[in-house]
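Encoded as structure tokens, the structure appears first; notes follow it.
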Amino acid sequence: RLADEDDELSEVQPDAVPHEVREWLASTFTRQLASRQRRADEKPKFRSVAHAIRAGIFVDRIYRRMSSAPLMQFPPEVARALKTLDDWTFDVFALSEAASGQPVKYLGYDLLNRYGIIHKFKVQPQTLENFLCRVEEGYCKYKNPYHNNLHAADVAQTVHYMLCQTGLMNWLSDLEIFATLVAAVVHDLEHTGTTNNFHVMAQSETALLYNDRAVLENHHASATFRILKEEENNILSHLSREEYREFRTLVIDMVLATDMSFHFQQLKNMRNLLTLAEPSIDKSKALSLVLHCCDISHPAKRWTEHHRWTSLLLEEFFLQGDKESELGLPFSPLCDRNNTLVAESQIGFIEFIVEPSMGVCSDMLDYILAPLNSSSTCSTLPSTTSIIEEGGEESSSASSTASPAPFVLKKPWTSCLSENKKAWKDQAVKDADARALQKKLEEEAAAAAEADATDEGSEVQNEE
């Protein structure tokens with residue numbers, strides 16, 4: 001093992017964050033873990049040109065192909081929303097509105113088609129649609145404000161950005177890309193809107209089934225393969241036995257790694273690995289870290305989206321707090337709707353969780369991708385663009401003679417994190433002033449009430 005069992009929160013000064021925020025960080029992102037079996041290292045498969053071409057497929061050709069697939073028609077407004085799918089600033093809320101509340105169905109289909117998975121693994125369009133619809137239904141089962149199909153689509157799109165826009169897809173086989181996309185789509189399937197700790201404290205059936213360990217994550221993975229076991233939903237029917245085992249192992253590894261209590265150990269393991277002279281990075285661990293970072297990435301998006309996600313997540317926390325109150329359980333951190341420091345919690349989340357995570361992930365991607373960029377197979381990558389003009393005609397350009405440039409990993413999340421943290425700090429000051437004013441008013445009111453009571457007592461005595 002590359003790291004001990006201690007978590008990095010032990011290094012955080014007690015006064016660095018409010019007690020409630022520290023308690024939430026500790027309860028959510030730490031846990032003592034037993035050793036887990038590691039998958040053997042795999043030799044990287046470099047197929048950069050093929051993958052780059054696949055990633056650069058003309059957007060509108062994709063939609064034309066999808067619209068001609070049996071029983072899978074993309075409404076024009078959905079196609080328009082998906083045109084910015086490659087952007088870090090992709091608006092998943094707009095997609096959901098255009099898709100009439102079915103973002104997973106369309107985004108999942110688009111991604112698997114975009115990477116050539118449907119053709120490569122002979123996935124029947126109707127079977128894929130059935131699978132995605134069942135997954136979407138599973139996400140809507142508990143009507144959660146945050147952990148729902150919209151969150152699933154957001155994470156899947158962010159994973160796509162990491163695969164396509166960083167070039168990570170060049171490091172992966174088709175099957176590994178297939179597994180990564182599916183894991184992203186299903187990673188919170190049938191989420192109950194409550195935390196693992198709630199399940200354990202409430203002794204839920206799910207906690208009893210999985211012995212209090214990665215309760216929700218085990219259920220997400222299990223529910224996924226139960227759906228896949230049904231013939232009408234089995235998008236894996238043409239995989240060989242060996243391919244199926246690899247696919248299943250990868251998906252389970254990635255989904256289980258989204259358990260937030262694994263967070264600090266996961267980061268320490270990767271940090272320590274990257275300090276070695278010649279690190280050998282396991283595909284499963286790398287992809288697990290990417291999915292985990294994408295899962296907690298909303299503070300690294302634009303303020304409008306991040307603020308909206310924060311409101312939804314806090315409402316889900318508060319609903320859990322209401323359930324805890326009904327069951328006579330103590331409030332979990334940030335779950336008491338009357339006593340939660342919103343701005344401070346987000347500052348702590350960004351500083352101690354998201355920024356370090358994105359930093360480690362960036363370092364890992366730098367190490368993995370720099371050799372790919374300088375290899376002969378990457379030196380003449382074709383670049384393709386497509387523009388649909390007013391008349392509907394496609395104009396395209398392609399170039400394969402551009403000279404290779406030094407590898408620089410694009411990190412759009414860095415500026416977003418900085419801007420969002422500043423916004424929350426400004427809000428924290430306003431909130432603190434408001435609380436101070438409220439406290440002053442309450443003290444003045446209490447003093448006035450006490451004075452009135454004293455005056456009344458004096459009047460009574462005088463009358464007597």
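We count from 1, first residue shown onward.
Glycine residues also receive a Cβ, built from the backbone N, Cα and C atoms like all the rest.
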Please identify the range among 9-32, 129-152, 417-440, 441-464 that TrEMBL labels region 'Disordered'.
441-464
In angstrom units, rounded to an integer, how far apart are the Cα atoms of His151 (AMP binding site) and His187 (Zn(2+) 1 binding site)?
10
List, in sequence order, the same-chain residues at least six positions removed whose CB sits under 8 Å from that of His187 (Zn(2+) 1 binding site)?
Ala152, Val155, His220, Met254, Val255, Thr258, Leu291, Asp295
Using the centroid of the Cβ atoms of His151, His187, Asp188, Asp295 as reference, list every other same-chain residue with Cβ within 8 Å of it (recorded Zn(2+) 1 site), in sequence order.
His147, Ala152, Val155, Ala184, His191, Thr258
